[in-house]
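Reading through the structure tokens given below for one structure.
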Amino acid sequence: MATEGSAERGPSAPACKEAPGTNDSTLHSQSAAKMSGDMDKPLISRRLMDSDGSLADIPSESPKVGVLGSGDFARSLVTRLVSSGFSVVVGSRNPKRTAGLFPSAAQVTFQADAVDSPGIIFVAMFREHYSSLCSLSDQLAGKILVDVSNPTEQEHLGHHESNAEYLASLFPTCTVVKAFNVISAWTLQFGPRDGNRQVPICSDQPEAKRTVSELVQAMGFTPVDMGALVSAREVEAMPLRLLPGWKVPTLLALGLFIFFYIYNFVRDVLQPYVRDSKSKFYKLPVSVVNTTLPCVAYVLLSLVYLPGVLAAALQLRRGTKYRRFPDWLDHWLQHRKQIGLLSFFCAALHALYSFCLPLGRVNRYEVVNLAIEQVLANKSRLWSEEEVWRMEIYLSLGVLALGTLSLLAVTSLPSIANSLNWREFSFIQSTLGFVALVLSTLHTLTYGWTRAFEDRHYKFYLPPTFTLTLLVPCVVILAKALFLLPCLSRRLSRIRRGWERDAAIKFTLPMGHALAQKTSHV
């Protein structure tokens, strides 16, 4: 079953005939040692672990799968295969030592014996150990080798071919399939419910891909066809990417934080130092950070719902939903989840910093100084009904907003989102998300109160920070309110159900037909 791709790759890495330091006498001595001592006893049990942890008898027609390797990933893979109903044979260089690491339903033996009967063999070892299997090339002929390895970042950049392609060049008489390299050992052990279900698969043989895809489905995962084996390099690069979907949102959050931090530093620290020669640099570690975090969280939350408003406006202007959005808007829509989680992260940090403020020395000194000033001013009571009500409402709205944001963050987790139907998920993420934005806006307005209209709060002629944060959220809220008007909501609803402004669509038929054109009214 040698493939064309593997035959062409032969010259770059010649197919091996015999592993260094391995000969027939070595294999005979291994087989003889296997039959002595404890290895005389069969290591496979007639019992099989079900997915729920219970034990059941192994059916006689269980498909047999081989696994070469005894590392952490190999053990998790064998556990998953056994629990999925497969008869597993594990090939190890020292089966007596590693037998206790595998489920009792798996047979652990030498590599030469493990590759005899299975038609599918998982190669769970590092690239540099592939050559140790060269002595088994005759036994592996015509079998499907599933490469599950991952290179390091340096190895990926240093090699011109993927691990799977290198394995195919060593064994041209085998069919190599790349699969399971993006699945963690944790996910294999505890099931796909706790991780990603998708398993990218690539190979030069469609029949081998179909066979491995059926195995993937039997294990509870979802196979994804990535094409020929040349795609293995791209598949092996997937685990090397560090949070690719978080790069832009993280840079956005970091940029907002730097901007608001400098802005608050100029207003709260630099201005008193320049004008009144008061040193308030002690505010930098906690106070300025605590003033910056809610600004970032608030703006990020508004940026979650702003692209939806822009998309709706574009659909209303175009009169159709069948035209692509601009690339920048499409990418923005795809990053809304990450932006929302970063918003929740900043809001949670703001709550923690706010709880820590009364514990600082600065707060204690300010309370003592305020008491001394009250005594010197001969005031028996210091009470402002307006300030009391403002702070109570401000804190209550903040708690409600943070609670709603927490619900949004929890439901964005795959394990929770998968348990919700589309209407429930849409209600939480869309409706309650907009409620969180409104609550955050009220929280910000209550904090500002009348400060925006008082000259003493304009330091260096810079407006209070909260006035800047209100710009984008207010635009989103007003736009959402406009879209609720019947004239716009009905039109938008019709567009999203397939209605188009120009309802006549022309289809051109081949010239051989009696009618050259037909018009369909949608």
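Using N, Cα and C of the backbone, Cβ positions are placed for all residues, glycine too.
As recorded in TrEMBL:
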type: REGION; residues: 1-39; note: region 'Disordered'
type: COMPBIAS; residues: 22-33; note: compositional bias 'Polar residues'
type: DOMAIN; residues: 64-151; note: domain 'Pyrroline-5-carboxylate reductase catalytic N-terminal'
type: TRANSMEM; residues: 248-266; note: transmembrane segment
type: TRANSMEM; residues: 286-314; note: transmembrane segment
type: DOMAIN; residues: 295-439; note: domain 'Ferric oxidoreductase'
type: TRANSMEM; residues: 339-360; note: transmembrane segment
type: TRANSMEM; residues: 393-413; note: transmembrane segment
type: TRANSMEM; residues: 425-446; note: transmembrane segment
type: TRANSMEM; residues: 466-488; note: transmembrane segment
Same chain only, please: residues at least 6 beyond the ends of the transmembrane segment (393-413) with a C-beta under 8 Å from a C-beta of the stretch. Say none if there are none.
301, 337, 340-341, 343-344, 347-348, 351, 420, 425, 428-429, 432-433, 435-436, 439-440, 442-443, 446-447
Six or more residues out from either end of the transmembrane segment (466-488), which same-chain residues have a Cβ under 8 Å from its Cβ atoms?
263, 294-295, 298-299, 301-303, 305-306, 309, 312-313, 316, 434, 437-438, 440-441, 444-445, 447-448, 451-452
Reported in the order helix, strand, coil, what are the DSSP residue counts of the domain 'Ferric oxidoreductase' (295-439)?
121 helix, 0 strand, 24 coil
If you run through the domain 'Pyrroline-5-carboxylate reductase catalytic N-terminal' (64-151) with DSSP, how many residues end up as helix, strand and coil?
37 helix, 23 strand, 28 coil
If you average per-residue pLDDT over the domain 'Pyrroline-5-carboxylate reductase catalytic N-terminal' (64-151), what number do you get?
95
